[in-house]
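Novice: Take a look at the following structure, please.
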Ligand SMILES: NC(=O)C1=CN([C@@H]2O[C@H](COP(=O)(O)OP(=O)(O)OC[C@H]3O[C@@H](n4cnc5c(N)ncnc54)[C@H](OP(=O)(O)O)[C@@H]3O)[C@@H](O)[C@H]2O)C=CC1
Ligand SMILES: O=C(O)C1=N[C@H](C(=O)O)C[C@H](O)C1
């Protein structure tokens, strides 16, 4: 039976993973291959990558998985009920167009988007469901709600700082998670993050402006992802913290989102929708 016939008759949603050789790509593929709720129907890499044409299981150093790594995104996505995408903003915008055309669910974990990119994703979301979150873990999505509540409960004399640490390979800052937490804190204060955000400090910055939300980023070694939201006032501090020690938490969230999205109409969703936290 061809791949296309299998997709038409298969019971389980077929998932394509983009950035298949990446840290998240490999974790996703491992978990989808182990899953009894989804099937791997494609593994995408960019043209020229030395995994193209190889079986993805073997390329990852394991048993054959029966899926060859390809750079043919159009054909791969045409076979998919969902695309899980942890790559880079430029790549994700391209995949969003193809996924919208295929009317498949697009689960986006990629971070580092500019406002113009988000407008393009909104356009794609008018044709098929997009589920996007800077962090797909249950713990962080719970922390977002806590951050909103604490920010609302504490007045402006409590300064808010978001501090994050990640591995040496991470290319964007602040992290997508830090921005989610900052947005929640701003919402708790009844404002938009754009109006309160103070970027990384350097030099003679002057004293801290009341009511602002500061961001600091540490990069080093193999840190999977650590986030603190610090509420500081005269004489005391409250610190809300999430520590990720295994990328499986993000991959499990993304697979759950791909399955959740199967009966959803076009639109933009996030992990709070998937987890029923809204
Ligand atoms: N939302 C969440 O829960 C999480 C989000 N992330 C985010 O996911 C993204 C990926 O992270 P990570 O897996 O660590 O990164 P990696 O660099 O390990 O993997 C990225 C993958 O995407 C591929 N890629 C990059 N650019 C393109 C392109 N233009 N076209 C096709 N493929 C491309 C890379 O290929 P190549 O190697 O050839 O460049 C690589 O295979 C980041 O934005 C990160 O912040 C990460 C963890 C959790
Ligand atoms: O790049 C990473 O690794 C991670 N990126 C996400 C982010 O930008 O917050 C999520 C997680 O922290 C790991």
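Yeah, the Cβs are placed from backbone N, Cα and C, and that goes for glycine too.
The domain 'Dihydrodipicolinate reductase N-terminal' annotation in TrEMBL covers 15-136. Residues annotated as NAD(+) binding site in TrEMBL: 19, 20, 21, 22, 23, 24, 45, 109, 110, 111, 133, 134, 135, 136. Taken from TrEMBL, the feature NADP(+) binding site applies to 46. What TrEMBL records for 139-275 is domain 'Dihydrodipicolinate reductase C-terminal'. Summarising the annotation, TrEMBL assigns active site, proton donor/acceptor to 166. Among the features that TrEMBL reports, (S)-2,3,4,5-tetrahydrodipicolinate binding site is placed at 167, 176, 177. The active site, proton donor annotation in TrEMBL covers 170.
So where do these features actually land, and what's packed around them?
Specialist: Residue density at residue 135 (NAD(+) binding site): 27 other Cβ atoms are found within 10 A of its Cβ, drawing on all protein chains shown. In the three-state DSSP scheme, residue 135 (NAD(+) binding site) falls into the coil class.
The local packing around residue 46 (NADP(+) binding site), expressed as other Cβ atoms within 10 Å of its Cβ over all shown chains, amounts to 16.
Summarising model confidence by region, the domain 'Dihydrodipicolinate reductase C-terminal' (139-275) averages a pLDDT of 98.
According to DSSP, residue 166 (active site, proton donor/acceptor) is assigned to a strand segment.
The number of other CB atoms found within 10 A of the CB of residue 176 ((S)-2,3,4,5-tetrahydrodipicolinate binding site), across every protein chain shown, is 21.
If you take the C-beta of residue 170 (active site, proton donor) and look for same-chain residues 6 or more apart in sequence within under 8 angstroms, you find 219.
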Novice: How many other Cβ atoms are found within 10 Å of the Cβ atom of residue 19 (NAD(+) binding site), counting all protein chains shown?
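Specialist: Its Cβ has 25 other Cβ atoms within 10 Å.
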Novice: At 10 angstroms around each C-beta, which of the binding-site residues 21, 110, 177 has the fewest other C-beta atoms nearby?
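Specialist: It is 21 that, of the binding-site residues 21, 110, 177, has the fewest other Cβ atoms within 10 Å.
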Novice: List which of the recorded positions 166, 167, 177 have their Cα within 10 Å of the Cα of residue 133 (NAD(+) binding site), in sequence order.
Specialist: 177
Novice: In angstrom units, rounded to an integer, how far apart are the Cα atoms of residue 167 ((S)-2,3,4,5-tetrahydrodipicolinate binding site) and residue 21 (NAD(+) binding site)?
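Specialist: Cα of residue 167 ((S)-2,3,4,5-tetrahydrodipicolinate binding site) to Cα of residue 21 (NAD(+) binding site) measures 17 Å after rounding.
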Novice: Please list, in sequence order, the residues in the chain of residue 23 (NAD(+) binding site) that are at least six apart in sequence and whose C-beta is under 8 Å away from its C-beta.
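Specialist: Residue 23 (NAD(+) binding site) has long-range Cβ partners 169, 247.
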